[in-house]
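Engineer: So TrEMBL says this about it:
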DOMAIN    23-32  domain 'Uroporphyrinogen decarboxylase (URO-D)'
BINDING   R28, Q29, A30, G31, R32, F47, D77, Y153, S208, H321  substrate binding site
SITE      D77  site 'Transition state stabilizer'
DOMAIN    141-157  domain 'Uroporphyrinogen decarboxylase (URO-D)'
Amino acid sequence: MAEKKINDTFLKACRGEKTDYVPVWYMRQAGRSQPEYRAIKEKYSLFEITHQPELCAYVTRLPVEQYDVDAAILYKDIMTPLPAIGVNVEIKSGIGPVIDDPIRSMRDIEKLGEIDPESDVPYVLDTIKLLTEEQLTVPLIGFTGAPFTLASYMIEGGPSRNYNKTKAFMYSEPHAWFALMDKLAEMSITYVKAQIRAGAKAIQVFDSWVGALNVADYRTFIKPTMERIFSELKDENVPLIMFGVGASHLAKEWHDLPLDVVGLDWRLPVSEARSMGLTKTLQGNLDPAILLSPWEVIEERAKAILDQGMQQDGYIFNLGHGVFPQVNPESLKKLTSFVHDYSKKAKVSN
Ligand SMILES: Cc1c2[nH]c(c1CCC(=O)O)Cc1[nH]c(c(CCC(=O)O)c1C)Cc1[nH]c(c(CCC(=O)O)c1C)Cc1[nH]c(c(C)c1CCC(=O)O)C2
(Lines of atoms letter the chains of each structure in order from A and count residues from 1; the text may use other names and numbers.)
(Lines give C-alpha, C1' and ligand atoms only; values in the text may rest on other atoms or scores of the structure.)
Protein backbone atom coordinates (compact mmCIF):
# COMPACT_ATOMS: atom_id res chain seq x y z
CA MET A 1 0.00 0.00 0.00
CA ALA A 2 1.23 3.52 -0.79
CA GLU A 3 2.38 5.37 2.31
CA LYS A 4 0.60 8.52 3.38
CA LYS A 5 2.30 11.85 2.93
CA ILE A 6 3.88 12.81 6.21
CA ASN A 7 5.01 16.07 7.78
CA ASP A 8 8.79 15.70 7.64
CA THR A 9 9.83 18.65 9.86
CA PHE A 10 11.14 16.29 12.54
CA LEU A 11 13.18 14.26 10.03
CA LYS A 12 14.65 17.42 8.50
CA ALA A 13 15.73 18.63 11.94
CA CYS A 14 17.31 15.21 12.64
CA ARG A 15 19.39 15.67 9.50
CA GLY A 16 20.39 19.21 10.52
CA GLU A 17 18.37 20.84 7.73
CA LYS A 18 16.52 24.15 7.94
CA THR A 19 12.91 23.90 9.17
CA ASP A 20 10.01 26.39 9.37
CA TYR A 21 9.67 25.77 13.09
CA VAL A 22 11.24 23.67 15.85
CA PRO A 23 9.72 20.16 15.86
CA VAL A 24 8.69 18.64 19.16
CA TRP A 25 7.77 15.27 20.66
CA TYR A 26 7.88 14.01 24.24
CA MET A 27 9.48 10.89 25.63
CA ARG A 28 6.71 8.72 27.12
CA GLN A 29 4.09 10.87 25.38
CA ALA A 30 2.00 7.75 24.78
CA GLY A 31 0.70 6.30 27.97
CA ARG A 32 0.33 6.93 31.63
CA SER A 33 -0.40 10.70 31.65
CA GLN A 34 -3.41 10.27 29.36
CA PRO A 35 -6.87 9.55 30.81
CA GLU A 36 -7.96 7.63 27.68
CA TYR A 37 -4.91 5.41 28.09
CA ARG A 38 -5.51 4.89 31.81
CA ALA A 39 -9.02 3.68 31.02
CA ILE A 40 -7.56 1.10 28.60
CA LYS A 41 -4.95 0.13 31.18
CA GLU A 42 -7.70 -0.83 33.64
CA LYS A 43 -8.56 -3.68 31.31
CA TYR A 44 -5.26 -4.55 29.64
CA SER A 45 -1.59 -4.79 30.64
CA LEU A 46 1.32 -3.35 28.63
CA PHE A 47 1.87 -6.87 27.26
CA GLU A 48 -1.78 -7.20 26.22
CA ILE A 49 -1.90 -3.77 24.59
CA THR A 50 1.27 -4.33 22.56
CA HIS A 51 -0.07 -7.68 21.33
CA GLN A 52 -3.14 -6.02 19.78
CA PRO A 53 -1.97 -3.87 16.84
CA GLU A 54 -5.22 -1.87 16.53
CA LEU A 55 -5.22 -0.98 20.21
CA CYS A 56 -1.47 -0.36 20.32
CA ALA A 57 -1.69 1.90 17.27
CA TYR A 58 -4.50 3.84 18.96
CA VAL A 59 -2.39 4.39 22.09
CA THR A 60 0.59 5.47 19.94
CA ARG A 61 -1.61 7.89 17.97
CA LEU A 62 -3.40 9.51 20.89
CA PRO A 63 -0.70 12.06 21.82
CA VAL A 64 -0.13 12.95 18.16
CA GLU A 65 -3.80 13.82 17.77
CA GLN A 66 -4.16 15.50 21.15
CA TYR A 67 -0.90 17.46 21.38
CA ASP A 68 -0.05 18.01 17.69
CA VAL A 69 3.50 16.69 18.19
CA ASP A 70 5.76 16.24 15.16
CA ALA A 71 6.60 12.57 15.70
CA ALA A 72 4.98 9.47 17.15
CA ILE A 73 6.89 6.94 19.26
CA LEU A 74 5.74 3.36 19.21
CA TYR A 75 4.01 2.26 22.41
CA LYS A 76 6.01 -0.70 23.74
CA ASP A 77 8.79 -1.17 26.28
CA ILE A 78 12.55 -1.62 25.90
CA MET A 79 11.94 -5.11 27.40
CA THR A 80 9.53 -6.14 24.60
CA PRO A 81 12.10 -8.08 22.47
CA LEU A 82 13.82 -9.86 25.38
CA PRO A 83 11.52 -12.92 25.68
CA ALA A 84 12.47 -13.72 22.06
CA ILE A 85 16.07 -14.41 23.11
CA GLY A 86 14.99 -16.41 26.15
CA VAL A 87 14.76 -13.80 28.91
CA ASN A 88 11.76 -14.26 31.20
CA VAL A 89 10.80 -10.70 31.94
CA GLU A 90 7.68 -9.57 33.71
CA ILE A 91 6.57 -5.96 34.08
CA LYS A 92 5.43 -5.66 37.70
CA SER A 93 3.11 -2.82 38.60
CA GLY A 94 4.83 -0.20 40.77
CA ILE A 95 8.25 -1.86 40.32
CA GLY A 96 9.05 -2.13 36.63
CA PRO A 97 10.72 -4.92 34.67
CA VAL A 98 11.57 -7.96 36.83
CA ILE A 99 13.61 -11.01 35.77
CA ASP A 100 13.47 -14.02 38.08
CA ASP A 101 16.53 -15.86 36.74
CA PRO A 102 19.15 -13.13 36.24
CA ILE A 103 22.41 -13.58 34.32
CA ARG A 104 25.17 -14.89 36.59
CA SER A 105 27.76 -16.49 34.29
CA MET A 106 29.02 -17.12 30.77
CA ARG A 107 26.82 -20.23 30.69
CA ASP A 108 23.71 -18.07 31.09
CA ILE A 109 24.89 -15.86 28.22
CA GLU A 110 25.58 -18.83 25.95
CA LYS A 111 21.98 -19.94 26.47
CA LEU A 112 20.59 -16.70 25.02
CA GLY A 113 19.10 -17.11 21.55
CA GLU A 114 18.55 -14.82 18.59
CA ILE A 115 15.52 -12.78 17.65
CA ASP A 116 13.55 -13.37 14.47
CA PRO A 117 11.29 -10.30 14.54
CA GLU A 118 8.84 -11.59 11.90
CA SER A 119 7.99 -14.66 13.98
CA ASP A 120 8.86 -13.49 17.52
CA VAL A 121 7.30 -10.00 17.58
CA PRO A 122 4.96 -9.86 14.55
CA TYR A 123 2.57 -7.67 16.55
CA VAL A 124 5.22 -4.92 16.82
CA LEU A 125 5.72 -4.96 13.05
CA ASP A 126 1.96 -5.11 12.37
CA THR A 127 1.44 -2.07 14.61
CA ILE A 128 4.17 -0.15 12.75
CA LYS A 129 2.61 -1.04 9.38
CA LEU A 130 -0.85 -0.02 10.48
CA LEU A 131 0.44 3.32 11.73
CA THR A 132 2.74 4.20 8.86
CA GLU A 133 0.67 2.85 5.95
CA GLU A 134 -2.73 4.04 7.07
CA GLN A 135 -2.89 6.29 10.07
CA LEU A 136 -0.06 8.68 10.87
CA THR A 137 0.67 12.05 9.28
CA VAL A 138 3.96 12.41 11.19
CA PRO A 139 7.00 10.08 11.23
CA LEU A 140 7.01 7.10 13.56
CA ILE A 141 10.07 6.67 15.80
CA GLY A 142 11.04 3.05 16.45
CA PHE A 143 13.39 2.24 19.31
CA THR A 144 15.49 -0.25 21.19
CA GLY A 145 17.14 -0.36 24.59
CA ALA A 146 20.95 -0.25 24.39
CA PRO A 147 23.02 -3.22 25.60
CA PHE A 148 24.16 -1.65 28.91
CA THR A 149 20.64 -0.66 29.96
CA LEU A 150 19.14 -4.02 28.93
CA ALA A 151 22.02 -5.89 30.60
CA SER A 152 21.45 -3.95 33.82
CA TYR A 153 17.94 -5.45 34.15
CA MET A 154 19.16 -8.90 33.07
CA ILE A 155 21.96 -8.94 35.67
CA GLU A 156 20.30 -7.06 38.56
CA GLY A 157 17.01 -8.93 38.07
CA GLY A 158 15.10 -5.64 38.13
CA PRO A 159 15.46 -1.87 38.50
CA SER A 160 18.57 -0.78 40.41
CA ARG A 161 19.88 2.32 42.13
CA ASN A 162 23.62 1.78 41.82
CA TYR A 163 24.09 -1.06 39.26
CA ASN A 164 26.54 -2.81 41.60
CA LYS A 165 25.92 -6.31 40.26
CA THR A 166 26.14 -5.09 36.67
CA LYS A 167 29.41 -3.29 37.31
CA ALA A 168 30.85 -6.20 39.30
CA PHE A 169 30.09 -8.52 36.37
CA MET A 170 31.61 -6.08 33.88
CA TYR A 171 34.83 -5.56 35.86
CA SER A 172 35.37 -9.15 36.98
CA GLU A 173 34.29 -11.09 33.88
CA PRO A 174 35.11 -8.89 30.89
CA HIS A 175 35.08 -11.83 28.51
CA ALA A 176 31.53 -12.78 29.48
CA TRP A 177 30.55 -9.09 29.53
CA PHE A 178 31.60 -8.58 25.91
CA ALA A 179 29.82 -11.79 24.92
CA LEU A 180 26.64 -10.36 26.48
CA MET A 181 27.14 -6.98 24.78
CA ASP A 182 27.55 -8.81 21.45
CA LYS A 183 24.35 -10.83 21.91
CA LEU A 184 22.37 -7.73 22.83
CA ALA A 185 23.89 -5.70 19.98
CA GLU A 186 22.93 -8.47 17.56
CA MET A 187 19.39 -8.50 18.94
CA SER A 188 19.04 -4.70 18.77
CA ILE A 189 20.35 -4.46 15.20
CA THR A 190 18.03 -7.21 13.90
CA TYR A 191 15.06 -5.82 15.81
CA VAL A 192 15.63 -2.23 14.66
CA LYS A 193 16.16 -3.25 11.02
CA ALA A 194 12.78 -5.03 11.11
CA GLN A 195 11.14 -1.91 12.58
CA ILE A 196 12.60 0.16 9.74
CA ARG A 197 11.45 -2.35 7.11
CA ALA A 198 7.97 -2.14 8.60
CA GLY A 199 7.94 1.66 8.31
CA ALA A 200 9.73 3.31 11.26
CA LYS A 201 11.26 6.56 9.99
CA ALA A 202 13.78 7.24 12.78
CA ILE A 203 15.29 5.19 15.59
CA GLN A 204 16.03 6.21 19.17
CA VAL A 205 18.44 4.09 21.18
CA PHE A 206 17.66 4.33 24.90
CA ASP A 207 20.78 3.82 27.00
CA SER A 208 18.87 5.24 29.94
CA TRP A 209 21.18 4.08 32.73
CA VAL A 210 24.66 4.15 31.14
CA GLY A 211 25.39 7.48 32.88
CA ALA A 212 26.30 5.30 35.89
CA LEU A 213 29.66 4.64 34.19
CA ASN A 214 32.61 7.02 33.98
CA VAL A 215 34.08 8.06 30.64
CA ALA A 216 37.03 5.65 30.73
CA ASP A 217 34.80 2.65 31.43
CA TYR A 218 32.33 3.78 28.78
CA ARG A 219 35.16 3.81 26.23
CA THR A 220 36.39 0.38 27.26
CA PHE A 221 33.22 -1.57 27.97
CA ILE A 222 30.44 0.12 25.97
CA LYS A 223 31.63 2.32 23.12
CA PRO A 224 32.92 -0.48 20.82
CA THR A 225 29.49 -2.15 20.96
CA MET A 226 27.71 1.15 20.28
CA GLU A 227 30.08 1.79 17.34
CA ARG A 228 29.03 -1.54 15.90
CA ILE A 229 25.30 -0.92 16.40
CA PHE A 230 25.29 2.55 14.82
CA SER A 231 27.65 1.57 12.00
CA GLU A 232 25.39 -1.32 11.01
CA LEU A 233 22.25 0.82 11.24
CA LYS A 234 23.76 3.74 9.33
CA ASP A 235 23.15 1.95 6.01
CA GLU A 236 19.41 1.94 6.68
CA ASN A 237 19.34 5.69 6.00
CA VAL A 238 17.01 6.71 8.80
CA PRO A 239 18.07 9.21 11.49
CA LEU A 240 19.59 7.61 14.58
CA ILE A 241 19.08 9.22 18.00
CA MET A 242 20.95 8.45 21.23
CA PHE A 243 19.53 9.11 24.69
CA GLY A 244 20.51 8.48 28.30
CA VAL A 245 19.87 10.02 31.72
CA GLY A 246 22.58 11.62 33.90
CA ALA A 247 25.06 11.13 31.11
CA SER A 248 26.30 14.67 30.35
CA HIS A 249 29.87 13.42 30.76
CA LEU A 250 29.21 10.97 27.90
CA ALA A 251 27.64 13.45 25.45
CA LYS A 252 30.94 13.92 23.60
CA GLU A 253 31.44 10.14 23.40
CA TRP A 254 27.99 9.78 21.82
CA HIS A 255 28.75 12.63 19.43
CA ASP A 256 31.77 10.62 18.15
CA LEU A 257 29.51 7.69 17.19
CA PRO A 258 28.04 7.39 13.66
CA LEU A 259 24.63 8.74 14.69
CA ASP A 260 22.59 11.83 13.84
CA VAL A 261 21.05 13.20 17.03
CA VAL A 262 22.34 13.51 20.60
CA GLY A 263 19.52 13.51 23.18
CA LEU A 264 20.18 15.52 26.33
CA ASP A 265 18.58 15.13 29.73
CA TRP A 266 17.93 18.37 31.67
CA ARG A 267 21.34 18.58 33.35
CA LEU A 268 23.40 19.89 30.42
CA PRO A 269 22.16 23.15 28.86
CA VAL A 270 21.87 23.03 25.07
CA SER A 271 24.19 26.05 24.75
CA GLU A 272 26.83 24.31 26.85
CA ALA A 273 26.58 21.18 24.71
CA ARG A 274 27.19 23.40 21.65
CA SER A 275 30.24 25.02 23.35
CA MET A 276 31.62 21.53 24.00
CA GLY A 277 31.76 21.02 20.23
CA LEU A 278 28.54 19.06 19.72
CA THR A 279 27.64 20.16 16.20
CA LYS A 280 25.11 17.40 15.45
CA THR A 281 21.37 17.81 15.98
CA LEU A 282 20.48 18.09 19.67
CA GLN A 283 17.22 16.91 21.23
CA GLY A 284 15.84 17.98 24.60
CA ASN A 285 15.76 19.03 27.36
CA LEU A 286 13.05 20.48 29.60
CA ASP A 287 13.13 18.93 33.07
CA PRO A 288 9.96 16.78 33.09
CA ALA A 289 9.29 17.98 36.67
CA ILE A 290 8.72 21.51 35.30
CA LEU A 291 5.53 20.19 33.70
CA LEU A 292 4.04 19.94 37.18
CA SER A 293 4.42 23.74 37.60
CA PRO A 294 2.04 26.55 36.60
CA TRP A 295 1.98 27.44 32.90
CA GLU A 296 4.01 30.67 33.38
CA VAL A 297 6.94 28.63 34.72
CA ILE A 298 6.70 26.06 31.93
CA GLU A 299 6.62 28.80 29.29
CA GLU A 300 9.59 30.67 30.74
CA ARG A 301 11.75 27.53 30.91
CA ALA A 302 10.71 26.34 27.46
CA LYS A 303 11.52 29.76 26.01
CA ALA A 304 14.99 29.73 27.56
CA ILE A 305 15.70 26.32 26.03
CA LEU A 306 14.32 27.32 22.63
CA ASP A 307 16.50 30.47 22.60
CA GLN A 308 19.52 28.20 22.97
CA GLY A 309 18.33 25.47 20.59
CA MET A 310 17.43 27.87 17.78
CA GLN A 311 20.95 29.28 17.61
CA GLN A 312 21.53 26.85 14.74
CA ASP A 313 19.63 24.37 12.57
CA GLY A 314 19.37 20.83 13.88
CA TYR A 315 17.38 21.17 17.06
CA ILE A 316 14.39 19.15 18.34
CA PHE A 317 12.43 20.16 21.43
CA ASN A 318 11.73 17.38 23.93
CA LEU A 319 11.81 16.73 27.65
CA GLY A 320 14.96 15.66 29.47
CA HIS A 321 13.25 12.33 30.31
CA GLY A 322 9.79 10.78 30.18
CA VAL A 323 6.47 12.48 30.98
CA PHE A 324 5.37 11.78 34.56
CA PRO A 325 1.95 10.17 35.09
CA GLN A 326 0.73 13.23 37.07
CA VAL A 327 1.17 15.66 34.18
CA ASN A 328 -1.97 17.36 32.91
CA PRO A 329 -2.36 16.65 29.17
CA GLU A 330 -3.44 20.28 28.73
CA SER A 331 0.09 21.40 29.66
CA LEU A 332 1.60 19.25 26.92
CA LYS A 333 -0.89 20.55 24.41
CA LYS A 334 -0.13 24.14 25.33
CA LEU A 335 3.61 23.49 25.32
CA THR A 336 3.56 22.02 21.81
CA SER A 337 1.65 24.98 20.51
CA PHE A 338 4.04 27.38 22.30
CA VAL A 339 7.14 25.67 20.83
CA HIS A 340 5.64 25.82 17.35
CA ASP A 341 4.46 29.45 17.54
CA TYR A 342 7.51 30.86 19.29
CA SER A 343 9.96 29.18 16.91
CA LYS A 344 7.92 30.10 13.81
CA LYS A 345 8.03 33.78 14.78
CA ALA A 346 11.73 33.64 15.60
CA LYS A 347 12.56 31.90 12.31
CA VAL A 348 10.60 34.48 10.31
CA SER A 349 12.34 37.44 11.98
CA ASN A 350 15.81 35.90 11.46
C1 LIG B 1 11.85 1.72 34.28
C2 LIG B 1 10.83 0.92 33.53
C3 LIG B 1 11.05 0.28 32.28
N4 LIG B 1 9.89 -0.33 31.94
C5 LIG B 1 8.93 -0.09 32.87
C6 LIG B 1 9.51 0.67 33.90
C7 LIG B 1 8.82 1.03 35.18
C8 LIG B 1 8.59 2.44 35.44
C9 LIG B 1 7.84 3.17 34.42
O10 LIG B 1 6.66 2.86 34.20
O11 LIG B 1 8.43 4.12 33.89
C12 LIG B 1 7.55 -0.56 32.79
C13 LIG B 1 6.72 0.13 31.79
N14 LIG B 1 7.11 0.74 30.61
C15 LIG B 1 6.03 1.20 29.94
C16 LIG B 1 4.87 0.84 30.69
C17 LIG B 1 3.45 1.09 30.27
C18 LIG B 1 2.74 2.06 31.06
C19 LIG B 1 3.20 3.47 30.93
O20 LIG B 1 3.05 4.11 29.90
O21 LIG B 1 3.70 3.93 31.94
C22 LIG B 1 5.29 0.20 31.84
C23 LIG B 1 4.46 -0.32 32.98
C24 LIG B 1 5.98 1.90 28.66
C25 LIG B 1 7.21 2.39 28.00
N26 LIG B 1 8.52 2.18 28.36
C27 LIG B 1 9.33 2.78 27.44
C28 LIG B 1 8.52 3.36 26.44
C29 LIG B 1 9.03 4.00 25.15
C30 LIG B 1 9.70 5.26 25.21
C31 LIG B 1 8.86 6.49 25.02
O32 LIG B 1 7.62 6.40 24.92
O33 LIG B 1 9.45 7.58 24.98
C34 LIG B 1 7.19 3.13 26.79
C35 LIG B 1 5.95 3.56 26.06
C36 LIG B 1 10.81 2.76 27.40
C37 LIG B 1 11.57 2.33 28.57
N38 LIG B 1 11.25 1.35 29.46
C39 LIG B 1 12.26 1.21 30.41
C40 LIG B 1 13.28 2.16 30.07
C41 LIG B 1 14.56 2.33 30.83
C42 LIG B 1 12.84 2.83 28.92
C43 LIG B 1 13.58 3.86 28.14
C44 LIG B 1 13.08 5.21 28.43
C45 LIG B 1 13.37 5.75 29.80
O46 LIG B 1 14.56 5.93 30.11
O47 LIG B 1 12.42 5.95 30.55
C48 LIG B 1 12.30 0.23 31.49
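Glycine is no exception: its Cβ is also placed from the backbone N, Cα and C atoms.
Whatever TrEMBL says is automated annotation, not expert-curated.
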Engineer: Considering the binding-site residues R28, R32, which residue's Cβ sits among the greatest number of other Cβ atoms within 10 Å?
Structural biologist: R28
Engineer: Let me spell it out: take the domain 'Uroporphyrinogen decarboxylase (URO-D)' (23-32), skip the flanking residues so only those 6+ beyond its ends count, and list any with a Cβ under 8 Å from a Cβ in it.
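Structural biologist: Long-range Cβ neighbours of the domain 'Uroporphyrinogen decarboxylase (URO-D)' (23-32): 9-10, 12-13, 38, 41, 59-60, 62-63, 67, 69-73, 75, 141, 243, 316-319, 321-323, 325, 332, 335-336, 339-340.
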Engineer: What mean pLDDT does the predicted model reach across the domain 'Uroporphyrinogen decarboxylase (URO-D)' (141-157)?
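Structural biologist: A mean pLDDT of 98 is what the predicted model shows over the domain 'Uroporphyrinogen decarboxylase (URO-D)' (141-157).
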Engineer: Given the binding-site residues A30, D77, which one's Cβ is surrounded by the fewest other Cβ atoms within 10 Å?
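Structural biologist: Each of the binding-site residues A30, D77 was scored; lowest Cβ tally within 10 Å is D77.
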Engineer: Just counting, how many other CB atoms are there within 10 A of the CB of S208 (substrate binding site)?
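Structural biologist: For S208 (substrate binding site), the count of other Cβ atoms within 10 Å is 21.
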Engineer: For R28 (substrate binding site), which DSSP three-state class applies?
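Structural biologist: In the DSSP reduction, R28 (substrate binding site) maps to coil.
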